[in-house]
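Student: This is the structure, below, for whatever I ask next.
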Amino acid sequence: AWYVPCLASLETLQELCRKENLTCKSIGITNRNLKSYEVEYLCDYKVEEGKAYYLVKWKGWPESSNTWEPRKHLNCPLLLQNFLRDKNEYLSRVREGKALKVRNRVKALKPAIADYIVKKAKQRIALQRWKEELNRKKNHRAMILVENTVDLEGPPLDFYYINEYKPAPGINVLNGITTGCECADCPAEKCCPKEAGFILAYNKRKKLKIQPGLPIYECNSYCRCGPDCPNRIVQKGTPYSLCIFRTNNGRGWGVKTLQKIKTNSFVMEYVGEVITSEEAERRGQLYDNQGNTYLFDLDYDSDEFTVDAARYGNVSHFVNHSCDPNLQVFNVFIDNLDLRLPRIALFSTRTIKAGEELTFDYQMKGSIDLTSDSAEGLSPSKKRIRTVCKCGAMCCRGYLN
């Protein structure tokens, strides 16, 4: 037997059930709550005979079931607060951002204001669902938040959250490693990095101590050491709560940290589809016209493969470029020692304050001096159409490529 996932949301299915007077336990519609009413959001406002009324969208009911309710019937202070804030926000934007005193004697809202309030309510619900989805799919403890106080943009329609590389058919991102170190104390003995001919990448405080361009070899699933081994950092996932937020200068979505990050700390991995360079060339021509920069060459040792985070990725998909970044890229090897297929990790280059946006240089030049030949393989695929840079850094090069 086979099946395809339902593309309708839970709320849409609930609306259909209530409209047709049907029960369905699997989506939470039972005889007991088939006729229950809960405010989902407020759509409009009017005053009749001196009494204030709000147009209510009921959760799990179609919009045709919306009703006007007096203020005293509404026990939803947060939704009322959102309604008033959205109304004031719209009016302020109409007046070119000037503070506007809203009169309470308004008899009815203009259709454009009501339309904006409904769109903001739907956006708020969509972003909340997206946040819940991201946190269900992530494989680390830290939280992912979502925030848009800039426009009406909702979650990306064609983006799927993954925690590790998604290889294209015929590409093996695990080379079948069957041995690991026998260390009882990894930093003191001949551990995985030494076996590969490099030094341990982390100090006793689990902070990066190697220079850009050098690879990181972490202990793998066959190593004798346990999960508390100081040489297991990237594989544990991001330890910081992050927020995907809408930027206010035309750069789309961005990512900011909600916690202070110390210098040389691991922040996140860059993941996506692993494709051949030939396929990357084909996709690159399509992405050029969209101004996207999601192709990341894996040419630490050769130029056979590329990571494409356009449709599949994690939080790093939303990290913006800066000519003066606070993140630096490193190649990491854990359960795969194939030099053609390193994992890509982003580490902090300085102390990053809570609330600060996270960025890395898409060309890996400028503020970070990469001196080794292998370091040149860390830059994303070069684009054919020049994309204007909006990073705002003092040393901005003017273009992303």
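Every residue, even glycine, has its Cβ placed from backbone N, Cα and C.
Annotations in TrEMBL come from automatic prediction, not curation.
Pasting the relevant annotations from TrEMBL:
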DOMAIN    179-237  domain 'Pre-SET'
BINDING   CYS181, CYS192, CYS219, CYS223  Zn(2+) 2 binding site
BINDING   CYS181, CYS183, CYS186, CYS191  Zn(2+) 1 binding site
BINDING   CYS186, CYS219, CYS225, CYS229  Zn(2+) 3 binding site
DOMAIN    240-363  domain 'SET'
BINDING   ARG251, GLY252, TRP253, ASN320, HIS321, TYR362, LYS390  S-adenosyl-L-methionine binding site
BINDING   CYS323, CYS389, CYS391, CYS396  Zn(2+) 4 binding site
DOMAIN    385-401  domain 'Post-SET'
Student: Starting from the Cα of ARG251 (S-adenosyl-L-methionine binding site), work out which of the binding-site residues (CYS181, CYS223, CYS323, CYS389, CYS391) are within 10 Å.
Tutor: CYS389, CYS391
Student: Can you give me the Cα-Cα distance between ASN320 (S-adenosyl-L-methionine binding site) and CYS391 (Zn(2+) 4 binding site) in Å, rounded to a whole number?
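Tutor: Approximately 8 Å lies between the Cα of ASN320 (S-adenosyl-L-methionine binding site) and that of CYS391 (Zn(2+) 4 binding site).
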Student: Quiz question: given the binding-site residues CYS186, CYS229, which has the greatest number of C-beta atoms lying within 10 angstroms of its own C-beta?
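Tutor: The largest 10 Å Cβ neighbour count belongs to CYS186.
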Student: Of all the binding-site residues given, CYS219, CYS391, CYS396, which has the fewest Cβ neighbours within 10 Å once its own Cβ is left out?
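Tutor: Least crowded of the binding-site residues CYS219, CYS391, CYS396, by Cβ count within 10 Å, is CYS396.
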Student: Using the Cβ centroid of CYS181, CYS183, CYS186, CYS191 as the reference point for the Zn(2+) 1 site, which residues of the same chain not in that list have Cβ within 8 Å?
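Tutor: Residues close to the Zn(2+) 1 site, other than CYS181, CYS183, CYS186, CYS191: GLU182, ASP185, PRO187, GLU189, LYS190, CYS192, CYS219, CYS223, ARG224, CYS225, CYS229, ASN231.
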Student: Using all protein chains in view, find how many other C-beta atoms are within 10 Å of the C-beta of HIS321 (S-adenosyl-L-methionine binding site).
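Tutor: Here the count is 20.
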Student: Including all protein chains shown, what's the count of other C-beta atoms within 10 A of the C-beta of TRP253 (S-adenosyl-L-methionine binding site)?
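Tutor: Its Cβ shell of radius 10 Å holds 19 other Cβ atoms.
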Student: Roughly how many Å lie between the Cα atoms of TYR362 (S-adenosyl-L-methionine binding site) and CYS396 (Zn(2+) 4 binding site), rounded to a whole value?
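Tutor: Checking the Cα atoms of TYR362 (S-adenosyl-L-methionine binding site) and CYS396 (Zn(2+) 4 binding site) gives a distance of 12 Å.
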Student: Within 8 Å of the Cβ centre of CYS186, CYS219, CYS225, CYS229, which other residues of the chain have their Cβ, at the recorded Zn(2+) 3 site?
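Tutor: Checked against the 8 Å cutoff, the neighbours are CYS181, CYS183, CYS191, CYS192, CYS223, ARG224, GLY226, PRO230, ASN231, ARG232.
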Student: Quick check on the binding-site residues CYS192, CYS323, CYS389: which one has the highest count of other Cβ atoms within 10 Å of its Cβ?
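Tutor: Of the binding-site residues CYS192, CYS323, CYS389, the most buried by Cβ count within 10 Å is CYS192.
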Student: Which binding-site residues from the set CYS192, TRP253, LYS390, CYS391 come within 10 angstroms of CYS186 (Zn(2+) 1 binding site), judged by C-alpha positions?
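Tutor: Hits: CYS192.
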Student: Beyond the listed site residues ARG251, GLY252, TRP253, ASN320, HIS321, TYR362, LYS390, identify every same-chain residue whose Cβ lies within 8 Å of the center of their Cβ atoms for the S-adenosyl-L-methionine site.
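Tutor: The answer, listed by sequence position, is THR247, GLY254, THR359, CYS391.
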